[in-house]
Amino acid sequence: MSSIGTGYDLSASTFSPDGRVFQVEYAMKAVENSSTAIGIRCKDGVVFGVEKLVLSKLYEEGSNKRLFNVDRHVGMAVAGLLADARSLADIAREEASNFRSNFGYNIPLKHLADRVAMYVHAYTLYSAVRPFGCSFMLGSYSVNDGAQLYMIDPSGVSYGYWGCAIGKARQAAKTEIEKLQMKEMTCRDVVKEVAKIIYIVHDEVKDKAFELELSWVGELTKGRHEIVPKDVREEAEKYAKESLKEEDESDDDNM
């Protein structure tokens, strides 16, 4: 069967003869062309890191963020089309707010992930709409449930993870994440490793400038999702650059 759409890619409600929905695959392609985002769950929380590419020197520092607060206890990291991601962040916030209004307590992350995944999936069923061109991770921490991390892709499937990467360098990032002993690490340890992984997978040839965005939610923040403090972020970036330099020197010695 041909891998080219040839008419079967005009609508998200049409299957190709070999059982593929091309519009959903194209949406996933938009995620694969985006900057890398990673999320790591550890014993006392969840840490997010995003490689936010700076496409112009004229951009104001800190603009076009790819990390969002969904609720006090839930954070979100995105890859793909930023406008689509913002729309889904608003949907997730609405779900969390409605749940608290109805039941009087914070929404469990699995329930939130399932609800938003159902919404994303609905946009793959009709010809009048297009799939969302973004993937995103949701992370939270509570005393009862501990740390939790979920990823939702453009097809509307929700996965639970210990460590996850989305975006153009996801495979390289996953390889680095697999080397970590996540169940034994704390958020403070993981922040450094997240920064290091983002620096390792960043392609300096194609994408020169980038901003590192870091956030965490865990015991350290009393269950609130917060941007990593500036001094901790700078320390993590310093560790990442030094580790990268050491690896380059060891490679030169081995040649």
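Note: Cβ is positioned from N, Cα and C throughout, glycine not excepted.
Among the features that Swiss-Prot reports, N-acetylserine is placed at SER2, with the record citing experimental evidence. What Swiss-Prot lists as N6-acetyllysine is LYS57, LYS206, LYS230, and the listing cites similarity to another entry. What Swiss-Prot records for SER243, SER250 is phosphoserine.
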All-chain count of other Cβ atoms within 10 Å of LYS57 (N6-acetyllysine): 6
Spatially closest candidate among LYS206, LYS230, SER243, the listed modified residues, to LYS57 (N6-acetyllysine) (Cα to Cα): LYS206
LYS206, LYS230, SER243 as modified residues, winner by CB count within 10 A: SER243
Cα-to-Cα gap, SER243 (phosphoserine) vs LYS230 (N6-acetyllysine), nearest whole Å: 20
Conformational class of LYS230 (N6-acetyllysine) under the three-state DSSP mapping: helix
Separation of alpha carbons, LYS230 (N6-acetyllysine) and LYS206 (N6-acetyllysine) (Å): 27
